[in-house]
Amino acid sequence: MARVYSNWDRLVRATLRREQLRESGQTHERVNSGLAGAVPPSLGKATSIDAILQAADEIQSEDPNVARILCEQAYSMAQNLDPNSDGRGVLQFKTGLMSIIKQKLLKRDGASVNRDRDIERLWQFYQLYKRRHRVDDIQREEQRWRESGTTFSSNVGEILKMRKVFATLRALIEVLEVLSKDADPDGVGRSIREELARIKRADATLSAELTPYNIVPLEAQSMTNAIGVFPEVRGAVQAIKYAEHFPSLPENFEISGQRDADMFDLLEYIFGFQRDNVRNQREHLVLTLSNAQSQLSIPGQNDPKIDENAVNEVFLKVLENYIKWCKYLRMRVVYNKLEAINRDRKLFLVSLYFLIWGEAANVRFLPECICYIFHQMAKELDAKLDHPVAVFADSCLTESGSVSYLDRIIRPIYEAMSAETVRNNNGKAAHSDWRNYDDFNEYFWTPACFELGWPMKTEAKFLSKPKGRKRTGKSSFVEHRTYLHLFRSFHRLWIFMAIMFQTLTIIAFRKEHLDKDTFKILLSAGPTYAIMNFIECFLDVVLMYGAYSMTRGMAISRLVIRFLWWGLGSAFVVYLYVRVLQERNRPNSDEFVFRLYVLVLGCYAAVRLIFALLVKLPACHALSEMSDHSFFQFFKWIYQERYFVGRGLFEKLSDYCRYVAFWLIVLAAKFTFAYFLQIKPLIKPTNTIIALPSFQYSWHDIVSNSNDHALTLVSLWAPVVAIYLMDLHIFYTLLSAIIGGVMGAKARLGEIRSIEMVHKRFESFPEAFAQNLVSPVVKRVPFDQHASQDGQDMNKAYAAMFSPFWNEIIKSLREEDYISNREMDLLSIPSNTGSLRLVQWPLFLLCSKILVAIDLAMECTETQVELWRQVCDDEYMAYAVQECYYSVEKILNSMVAGEGRRWVERIFLEISNSIQEGSLAITLNLKKLQLVVSRFTALTGLLIRNETPDLAKGAAKAMFDFYEVVTHELLSHDLREQLDTWNILARARNEGRLFSRIEWPRDPEIIEQVKRLHLLLTVKDAAANVPKNLEARRRLEFFSNSLFMEMPQARPVAEMVPFCVFTPYYSETVIYSSSELRSENEDGISILFYLQKIFPDEWENFLERIGRSESTGDVELQESSTDALELRFWVSYRGQTLARTVRGMMYYRRALMLQSFLERRGLGVDDVSLTNTPRGFELSPEARAQADLKFTYVISCQIYGQQKQQKKPEATDIALLLQRYEALRVAFIHSEDVGKEGKKEFYSKLVKADIHGKDQEIFSIKLPGDPKLGEGKPENQNHAIVFTRGEAIQTIDMNQDNYLEEAIKMRNLLEEFHGKHGIRPPTILGVREHVFTGSVSSLAWFMSNQETSFVTLGQRVLAYPLKVRMHYGHPDVFDRVFHITRGGISKASRVINISEDIYAGFNSTLRQGNITHHEYIQVGKGRDVGLNQIALFEGKVAGGNGEQVLSRDVYRIGQLFDFFRMMSFYFTTVGFYVCTMMTVLTVYVFLYGRVYLAFSGADRAISRVAKLSGNVALDAALNAQFLVQIGVFTAVPMVMGFILELGLLKAIFSFITMQFQLCSVFFTFSLGTRTHYFGRTILHGGAKYRATGRGFVVQHIKFADNYRLYSRSHFVKALEVALLLIIYIAYGYTDGGALSFVLLTISSWFLVISWLFAPYIFNPSGFEWQKTVEDFDDWVSWLMYKGGVGVKGELSWESWWEEEQMHIQTLRGRILETILSLRFLMFQYGIVYKLNLTGKSTSLALYGYSWIVLFGIVLLFKLFWYSPRKSSSTLLLLRFLQGVVSLSIIALISLAIALTDLSITDMFASVLGFIPTGWAILSLAIAWKRLIKILGLWETIREFGRIYDAAMGMLIFAPIALLSWFPFISTFQSRLLFNQAFSRGLEISIILAGNRANVET
């Protein structure tokens, strides 16, 4: 035990040292360090031990004895609470605390401790502490503040100090209360009891200040938070107060905090809601009501009340989905009419809904289930409100007699969902095997949901749990994994494409003769249409399997009716058309059947058209909705399924016409191209082939001889058909790029695209800023004051409004180290509020202008007018001259007095007169101006420094020198004589009084002018390159440009739409640690070293900001804890870290505080006035309170609780962020062990930093169980969304950034919710993004450009005119109330919702939302910067799109959108990936067709008879495929964006640069990535979240790593294509010879090279010889390493090989894999008949012999590969046998070559044939792995697999090794990868070489 105490003594000493460092400001550790911050959760949760210990730390320096008393009391409390120290960490804590107490006792230097006097000491200290900190005065001030409600003068510093005082007092009072029990009852004990009674009776200050609250202190009034004084907040609190006519609460019901009872207390008592849920939703409703009130712009009153309109608005918006649900189910709402219920009833219902939602946990994903619960509970509430006394609700009664909403309502539903989640086998089970969130929710879309009863019946089918293999039926949709969903969801598109292809082909075959006979053939489209519709109905029936038991009977009836209708209809139409054809062949027919057929088709078309108009056309939709006739409703129901969602998916007529016109243009271009370049050129060769007689095939033909060369025709037409199906996307891309460019130009994007243009147009910025970004109320103030003034005064007023914001923007750029101190001075604009009579512009506009003007004046030989005209040619030069003149006059007048001032006044009077008379050149000797300026700058150079006696003397002398120069050099001879003879002046000069003393500038305005004038006169270099930093330039350019873009008018902060920013976080980097900054990779590169080279100017600015020289090293910075922390943040702000995101998002609060401060909203009144002095706005309590009322920021750190328990650095870093940003809130999931069975309870918690920097728990809401039932991110968002506030919520990922200048525009953006954007108000506001990672490398640049083109031009067109923009991730702004009442901001079902973000857009659209896009505001975003990161990201997105194909959301949108909008939706979601896959499949289709022609000999046979002239169509198809493949059409929107925002020349240069950097290789490689993951997901599943990592990627990736990642997705497919090409070369026939072959296959060869070598081309140091050697060794080790249990795929080929097969899980998957693998058998079959050995024989036996040979090769392989496990004589025999066999084989092959027709070429050809056959066997064996293992062949298969991977690896590695021999290749690659960096003068070569040379000796 002594050793334990010794260890703890050392810990204590270290703790005390840290505390001393903290007090001196030398450490950046968490503030609550020591034992005060290490109280175990089991102790801290139930007691205030941590608060007492914190108080002991605070008063240690004031009275160590009292600190010791507090520590002893804390120890006693810990001992009483856990005497046996059973809790985690309790024993260590108590031991450490005892050591602390011992330390404090030792410091008494042996003095005895009289514990009997402890209570007296504590009481005396308490009284002294109160007097010292003026606690009684504070209480009296609080009383006056509460009574007046209009005064609030404390700043933030005082507030924080008061809070700490109150915290210490509260701890002292608690200890006093405990110790007073043992005190003298007549002495100090009596005094303590009286004090305690007084506190409890009348003093609410202590508890009020320390009671945890989120935003509004509702539990007790706080004098340190001004938010409670706002009239709208007081009105909202008053509105929910308990009224006399409410049922009375029991006397024993405890009211939380120091407040009056309200509605929420009654609801809590009746239904058993959790206390913290009630507290949370109480604040939620108060803020919602107060913000609704403020937006009404009603002036404040002495007795503030919430207006009825505000209550109605909140009521209708919150219950809107419930009202729609009741209407859909044809059921009455719980209230009769809105007018029939009073305000209290409305607020009760809203409160009830919020409470139900707030505690619903995972049930929040079921919005209609929430409606059902609300409906039933609201009816219960009605009954309970009629009672005089509050009683429990029957539905929430537990067995113990209490009430619990969580246990009785939510938990049964949660348990049913949880059971289904277990069944999904962590996402591996088929979607059809279990119910997801949508299935549970859609149960409530039918009246059958009321069978669930109330209270809910536990035996109800809805709550049933799956038992064994028996599953509960799906609700209304089953996500079967099949490509057929593509046809089913978008069948109208495929039918249209098929019919158009059929029509165009018929016209082409008929040689464009449009006669009656042609018309009859064209009518074959009727059967096509009917049959394809029947197929769709058949798929509906089949794919609904698994849902019939739970689906509505009406829905099943509709399926059956449609199936029978289309089945019979298609049979009838086909029959009629066959009769028409028969009739056509009969001469002199009466054509009765033809006329009947036309009549049938015409009638159907007319009826279909009518229904289409009524259902889809906006103008007719109202008529459709009004018609209640059952006959009409029946056919409408047959035509379109009726869901709760998806009704009313139409747009207004003008929008409809726009996107219809768009698609008509696209379709016209597409079908023109298809007809003339694809279909028509194939007609002649097709007729030729059909007319050919039979010929001898060169292999054993099975099918072609008997069907007129059908396979030959398929080979010819298949590539063209494939391109026909996907090239519509090409034309869409081209037109959308054009439309997007035009719209961008119309929106004035790119008008200011350079810093030079910023300079030129800066004069117009203030007015534009005032028009758009200043609220109208504020603008009235200066405008009314200056209405009678001229334009100059108006411009000055504009500049006065603009300057605080501009300067704050410049300040933020400086804080971010994008600009230097000098640049900040040059960019800042004066306040323009002084007495100077003109607008003062930033110095960067005026730099060197004075010097140029002086030169003009000195060289001037013309008149004054001509000189002024020359000056005015440069308007900023004129501004500079005028400002200089007026500033000199004002400064001189402020400096001198007496005779000196008279001289100054006389000089300027004379100059002014001469200017008016036009005789300035006569009055002044302009050639002496340079000398005058030099004297004056000498004076200002002294005045800008702090005054000292020596400087004062120097300034007086400088002033006199200036006087001498002006008088005797500058002035004309006559004027000089007048001044010299001026008696007053002469006497003062002679007596030495003239300028003997000057007044040093003290007025802030004069100080600012002196500093500015000095810079104006001394900065000689032009500021055209200010700022130098490219990021600073870009930001200023975009902000300046946005001022001239159309945006809504800003409202005052008090009236703006409130919003919340919401960021989900898991375990990504928060702040880089010091060790992470310094740790080096294998090349010797540290993160810090890398960033210093990438951002050298920012590094210099950083050093300047912290006061360090440029030569300061990393070690020196680490010596100072403050600088070390700043360094960590500097690095973190340049990565994709949470710290960067938080800093950016907190700019919103800073912007709102600035705006609110300048608007000067008074407390208690709503008057708004303007101030232009923003100094101290961050310390203004009013501004902070107003910002908090409008903005909140919640980060959902899912595992923060675990991170704290495990003491991970992420937890410390998050706590540091909480301390830096007081408005930041962190939500997390906390779990606690309950009982001995290992059960856990889960809580959703919200914390903030308290006054000591420790986490303060605000809310803790118990959950029904583990919240992670679905995908992690949406579940993380869902648990924390209850803590968000406001009417809007901006979803921000943790790889994003924000900027102050953009935050200023946020209130404009939020006004878009009230704008006109169609027939529905917006529900999601799309926001432009800037990808800030584009400068890292060429790959990052490609990704950045691709992403930027989508988030700008692409989404611009999607939103308007196409009206199909969805939510593609962050940073969109949601209508918060709309979405939280409709399922949330994402969907969370396992796997199917892996791309959770886009489902928010689907859900919003289906629920009659409206999604817009806005580009006058932008948010920063990081993207992946390495090829592997990019591939993983694209794989994740492609897999997510594969799952979307199966989803009900895509199906419903595809079915319910009108045809043209459906096409827009298809080609911008899953259709993009389908077209991508078709691009790759075209290569396969073309090559397999050509190989078929080559193997069969059909190409050569046809060429003998007729020249195959179909190459025109084939060339057109392959060219289109190639252009898509290399990313040309991806680049079109990109180039258009370049042209728009950079200009034409820069756009051309950027595009050419991208081509030189092999962007086409990158795009082709990405094509393969998307195709692989999209296809595999639909076939087998396996979509999952792939952590890409967001670090700084410049390190070399090992060959084995790349091989593992890309082997199956790219390498195997590329080698297959290469094999096809080789066979085509060897055996194919082309009319044009080699040139024709090259032209036809160039795209395929480019694809092969890109897929094989792109990972190494874009791999840093990929061709460095040393790295190549190391990679080879690593790859061989990995390949030969044996796998085993627990061995990861990164270490062993065997483990990786097993992991690669995990996606094949189902029988369906095995069958599909088997079918796909059979294609490889074609190679052996074809090559056998091409060998010289076989001659011209086409016998099938030859193919059988080839299998015998293959079997022999396998046996030989086994012989040579076999190795006995033990060394014995068997091994010698085996080696002898292997040798004999080897020699025999060589001899036999030699004899065969010599004696038979076998040739060396045949040997190579056989290898080409056997390799794919072996791969087919491998693939089949993997697909049927279980069977192979039973047969005992798995080991052999695995070794075959190893050989194949070894061979593929060597094939890829050989060219890399060869190129690595040449050093210039590595240099060229570095230039290729990092060209952007080189162009900015970066030192990538140093980075890649490493920093070893700098550290090694």
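Cβ atoms here come from the backbone N, Cα and C positions, even for glycine.
Per TrEMBL, the feature domain '1,3-beta-glucan synthase component FKS1-like' maps to 344-457. Here TrEMBL flags 490-509, 529-548, 560-580, 592-615, 656-677, 721-745, 1465-1487, 1635-1658, 1711-1728, 1740-1760, 1772-1794, 1800-1822 (among others) as transmembrane segment.
Same-chain residues lying 6+ beyond the ends of the transmembrane segment (656-677) with a Cβ under 8 Å from its Cβ atoms: 500-501, 504, 507-508, 617-618, 650, 724, 727-728, 731-732, 734-735, 739, 1360-1363, 1458, 1460-1461, 1463-1464, 1512-1513, 1516. Residues 1338-1339, 1427-1428, 1480, 1483, 1486-1487, 1490, 1511, 1514-1515, 1518, 1521-1522, 1525-1526, 1558, 1560-1562, 1564-1565, 1568, 1597, 1599, 1602, 1605-1606, 1610-1611, 1613-1615, 1617-1618, 1620-1621, 1624-1625, 1628, 1852, 1855-1856, 1869, 1872-1873 of the same chain lie 6 or more positions beyond the ends of the transmembrane segment (1635-1658) yet place their CB under 8 Å from a CB of it. Here the domain '1,3-beta-glucan synthase component FKS1-like' (344-457) returns a mean pLDDT of 92 for the predicted model. Tertiary proximity for the transmembrane segment (1740-1760) is limited to same-chain residues at least six positions away from its ends with a CB under 8 Å from its CB atoms, namely 700, 1724-1725, 1728-1729, 1734, 1777-1778, 1781, 1785, 1806, 1809-1810, 1813-1814, 1836, 1840. Highest Cβ pair count under 8 Å relative to the transmembrane segment (1800-1822), across stretches 490-509, 560-580, 1465-1487, 1711-1728, 1772-1794: 1711-1728.
Highlighted: of the candidate stretches 490-509, 1465-1487, 1711-1728, 1772-1794, 1465-1487 has the greatest count of Cβ pairs under 8 Å to the transmembrane segment (721-745).
Residue counts for the domain '1,3-beta-glucan synthase component FKS1-like' (344-457) under DSSP, helix first, then strand, then coil, are 79 helix, 3 strand, 32 coil.
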